[in-house]
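> Copied straight from TrEMBL:
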type: DOMAIN; residues: 3-39; note: domain 'Small ribosomal subunit protein eS4 N-terminal'
type: DOMAIN; residues: 97-171; note: domain 'Small ribosomal subunit protein eS4 central region'
type: DOMAIN; residues: 214-260; note: domain 'Small ribosomal subunit protein eS4 C-terminal'
Amino acid sequence: MARGPKKHMKRITAPKSWMLSKLGGNWTIRPSQGPHKLRESIPLSVILQHKLKYALYARDATMILADKDGNIKVDGKVRTDSGYPVGLQDVITIDKTRENYRVLYDVQGKFILKSIKPEEAKFKLVKVTQKKVGPNNVPYIVTNDARTIRYPNPDIHVNDTLKIDLESGKVVEFLKEEPGNLCYIIGGNNIGRVGLIQHRERHLGSFDIVHVKDSNGKHFSTRINNIFTIGKGKKSLISLPEDNGLYLTALEKKQVKDQQQVEKQ
């Protein structure tokens, strides 16, 4: 029988989104308990080793994080736990190198670090997952990164997106999940894709389905839980990955590559 929480993770059971090699050893670091779920997050140690290449071994990553200077900040707060779970839309700041990154998915569902400007690193987007009334009739909402916000704007509902100022923790503005707005897919078969919301199919007793159209004119649909609104109209509030959230087939990738070679010549 298991006695207490698990503290180990084999590399073969680690989420595919971490992009760990199979031949790098038997074990990897297990994410600590935190604001994101285990399979929807990536530990700081893995980011320093495999994404930023600042550490060769886990011991090096631990030493970087344990430094008294507070080298690594996540959402504006110094983090020293090598297993701290970093998830979607989190902002990683490294003051010594003046680097800022936002954690996103690419169209293959892999975690990527998108380099952003200091102005953009001052805020993050979060999705509302719950809206309830607590003790003493205090209304509150819960976001996808486990924030609890009391007395929210009455117009904010589940599945809406909030823009939060990281220094004060206050809601700057909010985006409705409605047709015509730009959305980012955070789960399912279309993870990482970006497109405009077309319409929403309501299914009582089941999952509502949202139909989306990307900038290439391709249509796809997904569950409403996978929709993350990132902009009003066609303008995104955050910097998008290099692929701009566009899924290309193998043939389309070849055509783009051939066209780039022709342009170089």
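Using the three backbone atoms N, Cα and C, a Cβ is placed for every residue, glycine included.
TrEMBL does not curate its annotations; it predicts them automatically.
How about a rundown of where these features are and what they're close to?
Packing against the domain 'Small ribosomal subunit protein eS4 N-terminal' (3-39) from elsewhere in the chain are residues 45-46, 50, 58, 81-88, 90, 105, 109-111, 145-147: each is 6 or more residues past its ends and has a CB under 8 Å from a CB in it.
Residues of the domain 'Small ribosomal subunit protein eS4 central region' (97-171) grouped by DSSP class, helix first, strand second and coil last, total 6 helix, 37 strand, 32 coil.
Across the domain 'Small ribosomal subunit protein eS4 C-terminal' (214-260), DSSP helix (H, G, I), strand (E, B) and coil residues number 14 helix, 10 strand, 23 coil.
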